[in-house]
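Here is the structure we will look at, set down as structure tokens.
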């Protein structure tokens, strides 16, 4: 369905204005001169999945102390480049690893007992800073929260620790987790391991970056608009946005309000696809049975669909040719390898992805109470931030807040959410179509973003491109982000794999296949 005349005018105006400001930004920006590159991975322990490492540790083929030390060394090697880990707990982690090795020495029940009871015993873990990790900061990049220390573990973190994982530290986020670049005035800016002049994504950008840099093997993220999937895409790793309500989102900051809890998901992030399913089993805790994670998946019996773009939204930019080509390669490979027919589908409602996301994120709760204003969160623990005043202060370098946070607060202040009956209708029509299309055996391919990782601060001029991921939060569908090798500029390519509600096991199975077919994660330091 072609754009209406009004939509064409909106698209032209939006792109003309953002292009004008982008031109000014480029004129004022100093040219980047950095040619630094991450050192290649040299320790073979860093090139094994968490599943493989746990097995070797249980069998005493390698000690947990050796594995943890290998990852500490790698973090110390790469973090000066990427600024992903913002607070470590290396000394405590080594003590915990030593206790793991002692436990294995004293265990009399054998390897099977350990595997059943402690499937991640001795394996290092990184944690997004917005999750409560006992004894570690819980600021989400807000200067006014710099002294806040978590007193408990968030449920998914507690479950992973109970399964034997050893946390190494916490990783950077965007300010208050509401932007797609991980940058704040408390910890600074996080860089992409494949190109330090590029963004790592957000809000789980620190997780994505340290995983992509081989400074971690598994981690945890949260996702309300793409905050797991965008960083995983930009950093060439795997991530899973779980069906909402399965993995607990308690003890994270900032808290959800309004109906936002219906769209927020916690999930695993990792370099190797085989770690997704065991991590999800652990993180889901008592809800794991809802996902049929033990069910065998025959890919040849699935129905596959491909949606190459959103149909031409006035707010998001067109998908680049290299990402369109990458998704088409997946289509052809599936058809050649599995003998299936991948059907290309047009869903016109996707054109309104941003408006749908914006509308539903602004809905009041059951008692009619609207979501907490972003300015209130910015001012925590005091009075709400005054966005106009913060913008003036930022112009002279005096604001404690980042430009994206200030602009979001201004947007909320001046923008009436488009909760029109038309947008509600578009969402309901899209929900119905997707549920009928996917059922319990359907899988859909969809781009994670219109382009590969952009340069630092460039998303300011294309702020709504996250709608490619955000729409799937509102639809409540499980999605696995999968890497597809590197593109023309040496940056990761990728695709979202979507299934029906509670059919997470289907997308995880496809992720395993795509890793074998396209090579999975690539060492950013390799020549």
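Any Cβ shown, glycine's included, is placed from N, Cα and C.
Unlike curated records, TrEMBL annotations are generated automatically.
Neighbour count (other Cβ atoms within 10 Å of the Cβ, all protein chains): 31 for residue 128 (active site, charge relay system). The feature active site, charge relay system is assigned by TrEMBL to 128 (among others).
Using a 10 Å radius centred on the Cβ of residue 203 (active site, charge relay system) and all shown protein chains, the other Cβ atoms total 33. Residues or ranges marked as active site, charge relay system by TrEMBL: 203 (among others).
Within 10 Å of the C-beta atom of residue 227 (active site, acyl-ester intermediate) sit 36 other C-beta atoms, taking all shown protein chains into account. Residues annotated as active site, acyl-ester intermediate in TrEMBL: 227.
What TrEMBL records for 66-508 is domain 'Amidase'.
The transmembrane segment annotation in TrEMBL covers 12-29.
Put simply, residue 128 (active site, charge relay system) is 9 Å from residue 203 (active site, charge relay system) when counted between their Cα atoms. Residue 128 (active site, charge relay system) and residue 227 (active site, acyl-ester intermediate) have their C-alpha atoms 11 Å apart, to the nearest angstrom. Per-residue pLDDT, averaged over the domain 'Amidase' (66-508), rounds to 97.
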